[in-house]
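These come from TrEMBL:
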type     : residues               : note
DISULFID : C35-C116               : disulfide bond
SITE     : R62                    : site 'Transition state stabilizer'
ACT_SITE : H66                    : active site, proton acceptor
DISULFID : C68-C73                : disulfide bond
BINDING  : P164                   : substrate binding site
BINDING  : T195, D247, T250, D255 : Ca(2+) 2 binding site
DISULFID : C201-C233              : disulfide bond
Amino acid sequence: MAFSNLVLLFKLFSFLLLFRSTQSKLSADYYNKTCPKFQNIMQTILAEKQLSAPTTAAATLRVFFHDCFVNGCDSSMLIASNAFNKSERDANVNLSVAGDAFDLITRVKTALELGCPGVVSCSDILAVSARDLVVMVGGPFYEVVLGRKDSRESNPSIVDKNLPKALTPMNELLSLFSSKGFSAEEMVALVGAHTIGFSHCKEFANRIFNFSKTSEFDPAYNPVFAQGLRKLCANYTKSPAMSAFNDVYTPGKFDNMYYKNLQIGLGLLSSDQAMVTDNRTKPFVD
């Protein structure tokens with residue numbers, strides 16, 4: 001990925017961190033006095049978790065995005081449901097989020113509570129975890145300001161209208177990102193987070209099975225890739241956990257291969273592939 005594009009992408013991640021932030025003053029050294037071992041504790045647990053479960057980076061980055069885009073970076077995505085209340089995690093779009101992210105935050109929070117009780121917020125843990133894990137899989141370092149407070153509310157009813165989905169048309173995608181203050185170029189950069197991780201077959205099944213009267217699969221796909229996906233997902237209705245990497249070449253590396261894949265028909269999701277055909281986004285993919 002060109003250096004200028006990397007700078008843009010991580011400025012965007014940093015900007016996400018400021019969405020609906022609390023009234024407290026945010027700073028990079030917020031915990032220097034109250035929890036001086038904050039970074040060391042986090043890095044140790046993050047490294048252990050990523051090594052044991054390589055899907056952790058993508059899962060955490062997705063949770064971070066889903067948290068910030070719905071109601072600000074307030075960790076409302078981390079609140080669990082109970083007998084009286086449903087939470088954001090119960091929204092349909094969040095049901096497929098890998099559990100490794102939640103397990104990671106629980107581990108980090110537990111360790112920090114032992115070292116400095118009642119000091120570090122879960123929203124700060126999530127933000128720093130996303131940054132550090134991106135670095136671990138090849139992305140550059142960017143500064144995260146700290147000092148957010150955690151939400152005590154989590155409303156699943158507001159999730160769907162605030163998050164992009166695999167079948168969301170380009171006009172709606174651009175409108176959604178614009179409502180959050182992002183341009184078409186910035187949207188393309190943020191969606192580049194799909195360079196790591198995977199998607200379940202149900203998210204792209206419409207493109208590989210009975211696509212139209214004249215084609216079994218979406219002709220925008222590379223034919224060999226489409227046939228491979230059809231074999232992989234043949235039993236996806238019986239095995240809903242079946243999935244494919246978003247980036248078939250370097251699925252665990254944070255690089256720009258995702259954009260190159262779009263240009264040769266290897267974009268997994270229809271919303272991704274649309275970015276290379278729409279004149280409003282294609283120049284930035286290129």
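Glycine residues also receive a Cβ, built from the backbone N, Cα and C atoms like all the rest.
Remember, it's a predicted structure, so these values are computed and weren't measured experimentally.
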Around R62 (site 'Transition state stabilizer'), how many other CB atoms lie within 10 A of its CB?
21
Residues near the residue listed as 'active site, proton acceptor' by Cβ (under 8 Å) yet at least 6 apart in sequence within the same chain, in sequence order, are M77, E88, V93, N94, V97, V159, L163
Any same-chain residues 6+ apart from T195 (Ca(2+) 2 binding site) with CB under 8 Å of its CB? Would you list them in sequence order, or say none?
N246, D247, T250, K253, F254, D255, N256, M257, Y258
Around the recorded Ca(2+) 2 site, report the further residues of that chain (criterion: Cβ within 8 Å of the mean position of the Cβ atoms of T195, D247, T250, D255; site residues excluded), sequence-ordered.
I196, Y249, P251, G252, K253, F254, N256, M257, Y258
From disulfide-bonded residues C68, C73, C201, C233, the one whose Cα lies nearest C116 (disulfide bond)
C73
Do me a favour and check the Cα-Cα span between R62 (site 'Transition state stabilizer') and C201 (disulfide bond); whole Å is fine.
17
I'd like to confirm something. Which of the recorded positions, C68, C73, P164, C201, C233, has a Cα closest to the Cα of C35 (disulfide bond)?
C73
Among the binding-site residues D247, D255, which residue has the largest number of other Cβ atoms within 10 Å of its own Cβ?
D247
Please report the distance from the Cα of C233 (disulfide bond) to the Cα of the residue listed as 'substrate binding site', rounded to the nearest angstrom.
23
Whole-Å Cα distance, P164 (substrate binding site) to C68 (disulfide bond), is 13
Row C116 (disulfide bond), column other C-beta within 10 angstroms, all chains, value 16
Cβ packing number for C68 (disulfide bond), 10 Å threshold
25
Which of these disulfide-bonded residues has the least crowded Cβ, counting other Cβ atoms within 10 Å: C73, C201?
C201
Looking only at Cβ atoms, how many others are within 10 Å of the one on C233 (disulfide bond)?
20
